[in-house]
Amino acid sequence: MAANCKNPRSKAGAYRRFLSLVLVTLVGVLLLVVLLGTNSVSNFVSQSPNESSVNVLSPRYNNSDYRLILNLPKQSELSIQLEKRNQLRPRNTDLYPKLAQNHITIVLYVHNRPQYLKVVVESLSKVVGISETLLIVSHDGYFEEMNKIVEGIKFCQVKQIFAPFSPHVFPDSFPGVSPNDCKDKDDAAKKHCVGNPDQYGNHRSPKIVSLKHHWWWMMNTVWDGLKETEGHTGHILFIEEDHFIFPNAYRNLQKLAAWKPKKCPDCYAANLAPSDVNSRGENWDSLIAERMGNVGYSFNRTIWRKIHMKTREFCLFDEYNWDITMWATVYPSFGRPVYTLRGPKTSAVHFGKCGLHQGQGGRGACIDNGAVNIAVEDVDKVVNINSKWEVQFSEKSARV
């Protein structure tokens, strides 16, 4: 029986070896934690000095993370494919291997108005300096004709991104239309449908609310979700598929962005066009500071951080237009007038007659062949603003 009992000394030795192994493992874990913590601090310290104090750490988001947080529906094959396409490198890098050091990235956000997109692409092809920059086209869903037009662009680097959870990608379920959704001004109790009407008594219309959703998704993706823009500290220009861009637009915008810190330190942005879409400008010998318009607007990462900090206000405001939401809730929360700097003569024109949500096909579709007759004069082909000009402030239009 004694032969089956272990020596007490061997048991003590085994215990000491086990304890040593545990201590070594704990030390290793602690060292790993310290190293990771040091790396995080280094990343924070090494951020661009051009970022203001409103900036926060914002690595490119992981799509699987936001799907869990938002409890989004199971992705369709199309949604998965679009998400994969968002990771593709820009096209035309063989033709334009390098972007200019001071380039202003251009983002063109589109829905399904090919007759308009053709006009905008043609106008962009004639913009002086367009080959120096990156054009990002943000699609609210996938539409073959729109895709073909963009794939035909050869005048600059082009990257396409597609909203993978657009209602146009999920036409028969949320975030599209579900079978038991209330429509228009339905009485949920009488119709036995599901809905939460807005301030006007209208139930959710996916095609309409997608305007605001696409804009917010696009902004988050462009600023915080793409490798191509993660180190971009300059301005980014945003235009829509019904904005005609004049040949001098890019060079004018470069000047405005460079002059803004000294000429108008209170200006948050630089615009290509007046906030009044029916105006072509004052033709004064001065620069104009007014409220930010929605035609050809641009701002930098610092301003995006300020906007992003107002996510709750933006998302919960009962309004489907992104620009009205900004003017009504986000800009006033900044505590002072939100100015944008522009020239006295427009460099972009809104020409669309059909709304983004109307698109092509379906009942009530807007029929418009996209024919435009916008006069481009010689003065619209060259820089037509002057650094010696004073800035005229429009106090009334800057307050929202």
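Quick reminder: no glycine exception, Cβ is built from N, Cα and C everywhere.
Curation plays no part in TrEMBL annotations; they are all automatic predictions.
Per TrEMBL, these features apply:
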- Asp140: substrate binding site (BINDING)
- Cys182-Cys193: disulfide bond (DISULFID)
- Asp242, His350: Mn(2+) binding site (BINDING)
- Cys264-Cys267: disulfide bond (DISULFID)
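Annotated features, which come from TrEMBL, shown on the structure.
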residue: Cys182; record: disulfide bond; Cβ contacts under 8 Å, 6 or more apart: Ala188, Lys191, Cys193, Val194, Gly195, Pro197, His203, Arg204
residue: Asp242; record: Mn(2+) binding site; Cβ contacts under 8 Å, 6 or more apart: Arg113, Tyr116, Val119, Val120, His350, Phe351, Gly352
residue: Cys264; record: disulfide bond; Cβ contacts under 8 Å, 6 or more apart: Leu287, Ala289, Tyr339, Leu341, Val391
residue: Cys267; record: disulfide bond; Cβ contacts under 8 Å, 6 or more apart: Lys260, Ala289, Tyr339, Thr340, Leu341
| C-beta crowding around Cys193 (disulfide bond), within 10 angstroms | 16
| said: Just to be sure I understand the packing, how many Cβ atoms besides its own are within 10 Å of the Cβ of His350 (Mn(2+) binding site)? | reply: 17
